[in-house]
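Visitor: Provided herewith is a single structure, encoded as structure tokens, for subsequent inquiry.
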Amino acid sequence: MAKRIASMSSLLLIALLCLSSHLAQAQVLFQGFNWESWKKQGGWYNFLHGHVDDIAATGVTHVWLPPPSHSVAPQGYMPGRLYDLDASKYGTGAELRSLIAAFHSKGIKCVADIVINHRCADYKDSRGIYCIFEGGTPDSRLDWGPDMICSDDTQYSNGRGHRDTGADFGAAPDIDHLNTRVQTELSDWLNWLKSDVGFDGWRLDFAKGYSAAVAKTYVDNTDPSFVVAEIWSNMRYDGNGEPSWNQDGDRQELVNWAQAVGGPASAFDFTTKGELQAAVQGELWRMKDGNGKAPGMIGWLPEKAVTFIDNHDTGSTQNSWPFPSDKVMQGYAYILTHPGVPCIFYDHVFDWNLKQEISTLAAVRSRNEIHPGSKLKILAAEGDVYVAMIDDKVITKIGTRYDVGNLIPSDFHVVAHGNNYCIWEKSGLRVPAGRHHY
């Protein structure tokens, strides 16, 4: 009897380990704000709190929330007093903590938008330059002076800091992340966001502004469960203004960063976004590279790629690099069934009324246990059609072509479809075998 109990206990332990491993892999990120969210009457945190159930129903595992601190710009991307959460235009610190607790009650982890490349000062120094920073506490934490600004940021620096390790940000002082006090106090602040506020991970804003080695320092010092960096890489374009077919240099930058930082660090797959939004306009041949793989970061390092259709910068009211609006669901059909970690944008679920279609695709992903490292086999990539099989369990078709011939095995059945996309899986509603037209 004791042996049977021990055996059953071992089997249960193995099952739990397998389940936890799967849950750790099966990630779907949701961006819980847009560029105008700060304007919401009654506060964005309170508004979003009322939609936690709706967001959970889409099947997401993580929600990305806006920058939490005081900021000169209302959206939060020009931060000043980092510990001052009550000065945020999105709501108070108490409202933020309540929102995070509500997401946690649904099993959803919360990712903070971390803006540390640059920082806005409260006061001028003797030179008349804004470079005296306040941390937002009664003590001296994050109370910095010009010594903490990169020496080559000559508009603000006193010349005593280290040179910048990344790209320049002209609108505010670039912080010297090689300064040991800066590293210590920012790490302490991040750990406070975890232990006191409740955040689980980080989205690193403008991560090109400091080196991967600097990012690694903060990741190692704070042990987040999820990290994704914004590295808006520069795609190559041909003379006609169209994206080049080969974007290896673009995606190599993303791969290099993720590998250098290590641990849980991933990067937004800007390469896939650029290729996909060009491809859905009659150029679906773009979605297979010279080695038969996906052309974006997911073709090389899918486990560290976060795919997306639009965000608060590329879409929303900024609209700086938008996905074709009439083809957004083709984009979601791709990212929600393919390797990588897909990110769903708030606007598309709520403002565009695409919640049901997106939720259906997310359910296909969950039901078939598609994960960041899932196996991708591209069956067709031509101008008007793209067909791919994922983990031998799901087939995705996007494009205008009506007849996909015999590419769909007879034991696959339609489980989702919409404007110029269709999804099949090995279980579900049975349809007649033979040729398929969608």
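Glycine too: its Cβ is placed from the backbone N, Cα and C atoms.
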Visitor: Which of these, ASP153, ASP188, does Swiss-Prot list as part of the Ca(2+) 3 site with ASP168, PHE169, ALA172, ASP174?
Guide: ASP153
Visitor: Do you know which of GLY76, GLY80, GLY201, GLY209 Swiss-Prot groups with ASN117, ASP164, ALA167, ASP174 in the Ca(2+) 1 site?
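Guide: Looking through GLY76, GLY80, GLY201, GLY209, the residue Swiss-Prot assigns to the Ca(2+) 1 site is GLY209.
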Visitor: Whole-number Å distance between the CA of ASP153 (Ca(2+) 3 binding site) and the CA of TRP300 (substrate binding site)?
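Guide: So the Cα of TRP300 (substrate binding site) lies 35 Å away from that of ASP153 (Ca(2+) 3 binding site).
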Visitor: With PHE169 (Ca(2+) 3 binding site) as the reference Cα, tell me which of the binding-site residues THR137, GLY209, ASN234 is the closest one.
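Guide: In terms of Cα distance, PHE169 (Ca(2+) 3 binding site) lies closest to GLY209.
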Visitor: Which site among GLU134, ASP313 has the most other CB atoms no more than 10 Å from its CB, taking these as recorded positions?
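Guide: That would be GLU134, with the highest Cβ count within 10 Å.
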Visitor: How would DSSP class GLU134 (Ca(2+) 2 binding site) in three states?
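Guide: In three-state terms, GLU134 (Ca(2+) 2 binding site) counts as coil.
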Visitor: Rounded to a whole number, how many Å is the Cα of PHE206 (substrate binding site) away from the Cα of THR137 (Ca(2+) 2 binding site)?
Guide: 26
